[in-house]
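Visitor: As listed in TrEMBL for this protein:
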COMPBIAS  1-13  compositional bias 'Basic and acidic residues'
REGION    1-54  region 'Disordered'
COMPBIAS  18-27  compositional bias 'Polar residues'
COMPBIAS  44-54  compositional bias 'Basic and acidic residues'
Amino acid sequence: MRTDTFTGDRQEEGGNSLILNNTISNAKTHRESVQESENINQDVNDKNIDLIES
């Protein structure tokens, strides 16, 4: 049994599985953050276009 230093979760010893799970989780979080930023940027661009055209 080991405690993951990133999440504090207790997990059985499993070689690199803990690191891999954290890497996958971090990648998903990063991808979600990038998507959110892209959505915000698109909203701002759309509003700027509306202002220019009005």
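Cβ coordinates come from backbone N, Cα and C, glycine included.
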Visitor: Helix, strand, coil residue numbers for the compositional bias 'Polar residues' (18-27) per DSSP?
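Guide: So the counts come to 10 helix, 0 strand, 0 coil.
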Visitor: Using DSSP, how many residues in the compositional bias 'Basic and acidic residues' (44-54) fall into helix, strand and coil?
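Guide: Its residues fall into 10 helix, 0 strand, 1 coil.
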